Amino acid sequence: MTIAHKDFLPSDWHEDDSASEAASRNGLDPMMDAVRTLLVGVGEDPERNGLERTPKRVAEALKFLTKGYGQSLEELLNGAIFDLGHDELVLVRDIDLFSMCEHHMLPFIGRAHVGYIPDQKVVGLSKLARIVEMYARRLQVQERLTRQIAEALQEVLQPRGVAVVIEASHMCMVMRGVQKPNSWTVTSSMVGVFKESQSTRQEFLDLIHHKATF
């Protein structure tokens, strides 16, 4: 079947006035126009039933998926750093993460394990997950994401060491390219004592693979 499409200009597309005004206020118009162009490029009709609101939905989704660009460490932590005199390993593992590969803008999905050995100062546990989220909600490569999380903790806490491991499945390897759905990519970033001491590093690695008994 051959489907004929006309050439679309931004002025050709119409939405509900209130939705259009809201999109304009949120700065979505250029993104929506780009989505319409992409739809035409793949052979679709942006005005057909089912696609009329797709440009706005995609633009809003992309804004959410990249909201980390608008966040900062200072705002995220909001003063939740405490001087408790603690100097043993702190670990939060299995932090779910969702990010987007910067090469194909396809998702990669996985989990992060974040640990550090304090030099007196600790951060609220939920903040570790929020730091992961902030850097994951950007266009990323997994190697850089892993390093950025470690560097952020090192910056705000000045601990004796930081360890981050990320395990993720990349849709750019699952849905296209080599199409290997069972492959997982594992990256690590070790700072301070985790890099210098094999026993400290091994303790962290053993704990992230230890099965919970509750």
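Any Cβ shown, glycine's included, is placed from N, Cα and C.
So that you can see what the record holds, here are the features copied from Swiss-Prot:
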type: BINDING; residues: C101, H104, C172; note: Zn(2+) binding site
Other C-beta atoms that fall within 10 angstroms of the C-beta of C172 (Zn(2+) binding site): 16
DSSP three-state assignment for C172 (Zn(2+) binding site): helix
Extra residues within 8 Å (Cβ to Cβ centroid of C101, H104, C172), Zn(2+): M100, E102, H103, M105, L106, F108, H170, M171, M173, R176
DSSP three-state assignment for C101 (Zn(2+) binding site): strand
